[in-house]
Amino acid sequence: MPTAESEAKVKTKVRFEELLKTHSDLMREKKKLKKKLVRSEENISPDTIRSNLHYMKETTSDDPDTIRSNLPHIKETTSDDVSAANTNNLKKSTRVTKNKLRNTQLATENPNGDASVEEDKQGKPNKKVIKTVPQLTTQDLKPETPENKVDSTHQKTHTKPQPGVDHQKSEKANEGREETDLEEDEELMQAYQCHVTEEMAKEIKRKIRKKLKEQLTYFPSDTLFHDDKLSSEKRKKKKEVPVFSKAETSTLTISGDTVEGEQKKESSVRSVSSDSHQDDEISSMEQSTEDSMQDDTKPKPKKTKKKTKAVADNNEDVDGDGVHEITSRDSPVYPKCLLDDDLVLGVYIHRTDRLKSDFMISHPMVKIHVVDEHTGQYVKKDDSGRPVSSYYEKENVDYILPIMTQPYDFKQLKSRLPEWEEQIVFNENFPYLLRGSDESPKVILFFEILDFLSVDEIKNNSEVQNQECGFRKIAWAFLKLLGANGNANINSKLRLQLYYPPTKPRSPLSVVEAFEWWSKCPRNHYPSTLYVTVRGLKVPDCIKPSYRSMMALQEEKGKPVHCERHHESSSVDTEPGLEESKEVIKWKRLPGQACRIPNKHLFSLNAGERGCFCLDFSHNGRILAAACASRDGYPIILYEIPSGRFMRELCGHLNIIYDLSWSKDDHYILTSSSDGTARIWKNEINNTNTFRVLPHPSFVYTAKFHPAVRELVVTGCYDSMIRIWKVEMREDSAILVRQFDVHKSFINSLCFDTEGHHMYSGDCTGVIVVWNTYVKINDLEHSVHHWTINKEIKETEFKGIPISYLEIHPNGKRLLIHTKDSTLRIMDLRILVARKFVGAANYREKIHSTLTPCGTFLFAGSEDGIVYVWNPETGEQVAMYSDLPFKSPIRDISYHPFENMVAFCAFGQNEPILLYIYDFHVAQQEAEMFKRYNGTFPLPGIHQSQDALCTCPKLPHQGSFQIDEFVHTESSSTKMQLVKQRLETVTEVIRSCAAKVNKNLSFTSPPAVSSQQSKLKQSNMLTAQEILHQFGFTQTGIISIERKPCNHQVDTAPTVVALYDYTANRSDELTIHRGDIIRVFFKDNEDWWYGSIGKGQEGYFPANHVASETLYQELPPEIKERSPPLSPEEKTKIEKSPAPQKQSINKNKSQDFRLGSESMTHSEMRKEQSHEDQGHIMDTRMRKNKQAGRKVTLIE
């Protein structure tokens, strides 16, 4: 900056020397011209000069090129007019012009409209015009107001020249007319030269501005830099010379006796704008240029460019960030919003760069000192009775005490980059610390990075004993709140250089140690920096008391011991949003009441970009924890129940989370992952960090809390080891107590009984080990060492088959075993007898199933995206969720502990979490509709036969994952209309099927069948009331049809003959032999058909192993001999065999179908072959024509 200033001064001096030389030459020429003009009695006409001067005023612009181009033309015209003007023809106009020019020059030299000058002018008209600039008083420097403008205008209107006065002046000036004309011409030339000088000065300013902009482009726009020296010089010189604005300069035009326009009063204070740092620097350089020009020439009025923004009356501007700034010359510049008395000092400690490697640094912290630069002591309080650093500060503490942050533990947080991210609050008036007056303290903030010493270090190391207060000093930094340029270093993130603390012992001085380092000791750079932010904080009106006060305004308030225990035992109080609403949630399912199958979609929850692998409700039912997967990681997402509100994410795992479980008191969450760790998370407000990490050598597939003691955690790993951990909730470590290596393969699942006396572990080879796990609360480690094996379960049925999931039955006597052979088993642990549940496909994925809390139903997911429901007591499949929007296998199912609610999840691209709930009102409305439409659709050609096709209501398609309110959105009339339309569509299909049957078939069954069919009707008939009572909900779309008697026969299922032997590889396949006649119920695809053989066996069989009877008759004799068909007697015997009472088709080929029980009248029994065959045919045709929709299907 100094170089640019010196160059400007040199150029200005050179220019003025040239101008003065030119001016002296012109004066010589003018003197010669005077003599010629006197001799020839010719007067110089100044009209041309006036017109040129007026033209320059009108065309004055910021473009110096225009001025430069006009200057030669003006000079030429001026010289020509001066030499050729004739004063004899312009005597009258010249006299008027002289008077007006005198008035104009006086007004120009006194822009404030001083009345005394006007009075002197009128009182002494014979004297010459005063050329010197009058001395301005302090009143002239005051800003201009509208009232002053009005007064000045009023004065100017009264001081216009009168005709009588002009006549007297002209008479007195007749004698020396020639001399006065020359003097006036000289004045005009001086005014013209003044304008030329101003234009050249503007051109110089423009060049300086351009250079300064290029040099200052790297400064940020929101930072203000001011030079104290330049501003002080500018203030001094502004008091001497008034600055005029270009826009406020009056314009004069002389023609005849009129003056166009009026002179305006101009403010003596220059406008100051805070738009940017560049404008401030450029304006200061322009002022310095003016000052240098004033040093070389006499002070004359000069024009400067007006700032783009107007100055407010209170001298306040708004910068680009919307911050009000005080622009008074006597006060420092900082945002006005920080001057509020309600604000207090807030220091936010962000972090440091990586500290220097030192094994002695394990938990650094930052100590903040508020020191006065004048005294070296802590800053005195503005109010001695106001607590600033601590709530219990006494009045005798009249200074601001230092405050420290919390320590950052490298070991616990697994990082050597300290990130405190902590807000430190000093309850001191913020404007008091920012005052720049001599009486106010000049505040410096000192930051010390410390590490506390252990007791052993202090005892063993004598050098450490010399350390003050048992702290090891690592580095320090400082920050001045008000810089040397008067700007406040606040409201932005600052990076402070750290320095080594001096090694020499401290001298006993009465100043703060950090201040002594700053003022007297050399500063050796520490290879790191500290990031801080200082700002004014508004203190909240109400601060809740706490066990330990964290700031000066927070009260410490303790609670009784029993209140603390009650608080620890309830996890509801620790959840956000639940403390405000203290009402108890009333669940729909009463204690001891049997569970219902949920029949209404409640809402869908977001599970991340890759879906959810496992989920679980908390024991109190208020939180749903879901182990999800996203692009950035594998978070555990917590949702509030029943609202479905998102609570928070627990991030830390680096790979898929296989298992998730809650502690018995719901204070902790345990997860196991394939990243080789099991993690414990605290269920607390705003706590998203890992509480404990249990490291393992490989993948961890399962982890559980011990039901009796939450400090014991059991994990199952890929290395076939079971590990027991003791987790101290109040200490920083987890201790590995014991390891078991009984299993020969990796462990997939663990579970405990309710009391925690037994544990069950299952591995990949189908082996289940029962453990005795009784513990004593007072001696955990000793109890764990006494854990033994109770027995090993090695069933031949699932030997070598991986066990996916284990769960104890609510009665504690049975065990749910989910294996990867598409079979679920519930085993009685006393006699080791298991009941099978077939239908849910599971051959590849790790899928979890679940039992309801009452043990009434068993829910299991499948790889085909269907959820199956069984009755564990009977083994019957009672329902299925057949059209869920999942494209991936359903991984986990969780049933709510207190509500008839279930949650499903799948692991795949954008798979949601679905929650279903039981709605009694929906079930009641559907029951009424079922009764109303029972048996009211007569069909032509078919006689009384009731075909009950029972389906659950169509569930709405959830395209988006928005939470639906649990309310009734449809009225009963609207539902009735929808059901009627649905029933009409179905009955049309049945009519077409019946017409086809009546047209093509005719057969008469023997009379003996009538008695059998009547018994079958009584056994298979299941009324709507029984269905509703058993399953707790009803179905829409119920079809009840009465058929009239006819002489036509109902078509039997087509039959095929087996050409080759086939042995079933799966439980849902059919074993056939050559020559077997198979009834085909439906063709699943071109490769697999579904049917039954004469022994009552049903299942899938390959289509390429069979042929129709017609094709079989055309086969060569050698093939017929190898696979002879059944004899007519055997065939008749098979046809007359009683149909089974229960019809159940379990399908896992990605389709769902419905079975109905059919009942016939006695007249119909004589004309139809078999109830079983007719039921399968009708069911198959109905399935082909059903409408797409999401259903829960009940199977009788």
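The backbone N, Cα and C atoms fix where each Cβ goes, glycine too.
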Matching range for Swiss-Prot feature annotation, coiled coil, among 13-45, 46-78, 244-276: 13-45
Where Swiss-Prot places region 'Disordered' among the ranges 215-242, 663-690: 215-242
Where Swiss-Prot places phosphoserine when the choices are S437, S1002, S1011: S1002
Phosphoserine according to Swiss-Prot, picked from S331, S1123, S1137: S1123
Per-state residue totals over the repeat 'WD 3' (695-735) - DSSP helix, strand, coil: 0 helix, 21 strand, 20 coil
Tally of residues which DSSP labels helix, strand or coil - the repeat 'WD 4' (742-781): 2 helix, 19 strand, 19 coil
Across the domain 'SH3' (1051-1111), average pLDDT on the 0 to 100 scale: 83
Secondary structure content of the repeat 'WD 7' (885-926), with strand meaning DSSP E or B: 7 helix, 17 strand, 18 coil
The domain 'SH3' (1051-1111) - residue tally per DSSP class, helix then strand then coil: 6 helix, 27 strand, 28 coil
